[in-house]
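Have a look at the structure below before the remarks.
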């Protein structure tokens, strides 16, 4: 009897367990087997951009077709060296630039203590601009025992991979086979000066007044040390500093008359140092401890003009400086003469703390892209600040006056400013299925804690974004009746927000309701309506039920179609579409 009771208890427990588990299994099976094809059936076929071949997002920046034939391609292929070729003497291009391939690269390194190698691509505009400067530098340096060479990285892909070439041009300086990136400006004078410093003493003696006058006449920026001896610890510190700073020539003297010509008091306590510039601020005297670090900091802080005119040539000096706080004046050329002196006066107060820069907004090559980055339009004048350490921008309000710039710069350095983010105007109407987000309405739409928000960050010129658009619109149409869900998009080229960081276009981000203080989720899923729908069902904080219905374009409503939709919906939508 006892065993029979145990059997009944076990049977009852098993029945209860099965009754609990079976509905769950049934539900899961229903979800796995549900037919979501209706999501893809409305308004054409969806495009899955994940399946597209890899292309540049910019239609105007395609790589040249490797299949295109060049008139000289046959002869180049015949003379090109392969791994199995015996060593061949380097060809000389542009008279003095050595052409390197896989076949002669190692011999070039072995036979030359010093060398410079440029990895380039024939179609690269920067490489084409560098070519004449590089060739001129090669001619000047061949007498110094330094050969300049180049490698076509589009042909020598193994060499490019070995030397971690990821951009063009990539330039290395080699000493006994060890390579370091060339860090200075890409013009003949900069290349020659930098290399001579690397292979030479880095500092030059000035013993006569004739030499001193020649230097002052020919050089735009020079540093002169007035020392007790031209050899020893003082000279060593100066020479070591010289090798750290590529764009300044360093000299030393013991001659009081030379020191006087360089605006140093001959009776001053030695060692002394002066930096001379052909700028509004012509003379800077060093008054610190005569060691490499202090001298380097002094020269770095003072070598740039009070206001640097932004250009391709000056950009490396700006961005490679240890000073990462920038103050920028944006104005057209015709009004710049009125406002640059105002900025110069203010810049004197912040030497060593800020780099002051003038950006010519009507210069299409260099000024316009910078203005676009800072969201500056019109002729100016406009003042912006930039922190390179955390990549934040700040906007000054009010007129461009000395007092306003001074107060703005002080607040900038003290961290009292609110960052500035680019924004298009807020749309007057925003009734489409895909909501338009701009910088100024981002918080209102995307950071609404009561909504789950899917955001696409796109670029108008992006081919992948255009391919995704019909799919994204279709998704929004299907979900238009879900009040807890927002499908949105933002032009990432003209709008910014600290929560909307994109590494490319399109970038898909999901902002769950009630969790907007956290970073958004990256949507790493397929790019079909079904893929997006499943992602939202899985990750939305607020559960939603989608009813299967016939979608009617919003711009063509009719009473007949509306009634059919309601009739269809009432007969079919009682079943939840998971």
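Including glycine, each Cβ sits where the backbone N, Cα and C put it.
In TrEMBL this protein carries:
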- 58-75: compositional bias 'Acidic residues' (COMPBIAS)
- 124-127: disulfide bond (DISULFID)
- 462-465: disulfide bond (DISULFID)
- 83-200: domain 'Thioredoxin' (DOMAIN)
- 412-541: domain 'Thioredoxin' (DOMAIN)
- 44-89: region 'Disordered' (REGION)
- 555-578: region 'Disordered' (REGION)
- 1-23: signal peptide (SIGNAL)
Fewest other CB within 10 angstroms, which one of the disulfide-bonded residues 124, 462?
124
Helix, strand and coil counts within the domain 'Thioredoxin' (83-200) (DSSP):
45 helix, 30 strand, 43 coil
Quick one: DSSP breakdown of the domain 'Thioredoxin' (412-541) into helix, strand and coil?
37 helix, 26 strand, 67 coil
My understanding is the cutoff is Cβ-Cβ under 8 Å with a sequence separation of 6 or more in the same chain; which residues meet that for residue 127 (disulfide bond)?
118, 120, 121, 168, 169
Integer Cα-Cα distance in angstrom, residue 465 (disulfide bond) to residue 124 (disulfide bond):
26
Rounded distance in angstrom between the Cα atoms of residue 124 (disulfide bond) and residue 462 (disulfide bond):
21
Would you mind giving the whole-number mean pLDDT across the domain 'Thioredoxin' (83-200)?
86
